[in-house]
Amino acid sequence: MAIYTKKGDGGETGLLGGSRIEKDSLKVSCYGTLDEANASLGLAYSLITDEELKKSIKNIQAKIFVIGAELASDEKGKDLLTNKIKRADISYLEKTIDRLDKKLGPLHKFIIPGETTASAALHQARSIIRRAERLIVKLDRLETVRDELKKYMNRLSDTVFMLARTEANHCFIEQVKQKVVQKLNQGDKVELCLKTAKKLAEWAEEAASKINVPITFTVVDEHGNTILLHRMEGSLLASIDLSENKAYSALALKMPTHEISEQAQPGADLYGISATNQNRIVTFGGGYPLILNGRVVGAIGVSGGTVQEDRKIAEEVLGQFNKVLR
């Protein structure tokens, strides 16, 4: 096949079926915009490492060529096509959306594209697909566009949106895994002692007093054993158990408890974890791991105020810990 034919030098292009139209026509804009989307999908594909995601992208790229062929055909050409978008193709997208939505859980905020390069490329593809869909709807007023094709385009942008979310989530999990391995492999063994725990409690009480919140503060060692439990006068009885379990949870999963919450939503990787470990896992803020020389050597738990107050107090303690003891 020749790369150039010179037939388009006058500003026209040929359709499957033999007719010719202007290159700036609405019909050409429809399949040309899909070509843009396919290029962005290709960029994302080249950056993604998850094989399941890559398989989904390849399937979509192939179907975009099928849509493009139908849009680039006149009535005679459409009759020649043997491969067209079918109901089964729409069902594939719907099943993909449902599967990924179950895995990731509901959204609680707008997504700003750019968490990873690959997810940004997918969001770019999604926005181009939306533009292509708008053009196809406009084209449908001038000539009949099959319902299956319009439905597929409507599902396609939603599917690519879910692929972008999945890619960002996959990268987050991989980063956490790498950090954990790195921490486990770094540094000499360092243990917390009672003297250090008492200093941490002192800082916690100072921070709590500044905002008039009586708290219970717990420090556990790297094995999850309680080194110190410090209870301020007037703190809630329930805070004793909560502070201990917050510290345990942060240690057990090597992450702050408010981050556990994000991963414990329905469909997420840690969904259901609160029912494990004898129901000790806490999925709201106030628990933080303690890291020395790159290793998790223990954890702290704060309970007594609101979640935000508990986090504020714990983070002040961590700030002092990092400045003085690390």
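Residue numbers in this text run from 1 along the chain shown.
Just so it is clear, glycine is given a Cβ too, placed from its N, Cα and C backbone atoms.
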Given ranges 76-103, 132-159, the stretch to which TrEMBL attaches the annotation coiled coil: 132-159
Close approaches to the coiled coil (132-159) from elsewhere in its chain (Cβ under 8 angstroms; 6 or more beyond its ends): 26-27, 29-30, 33-34, 36-37, 56, 60, 63, 67, 70-71, 84-87, 89-90, 93-94, 96-97, 126
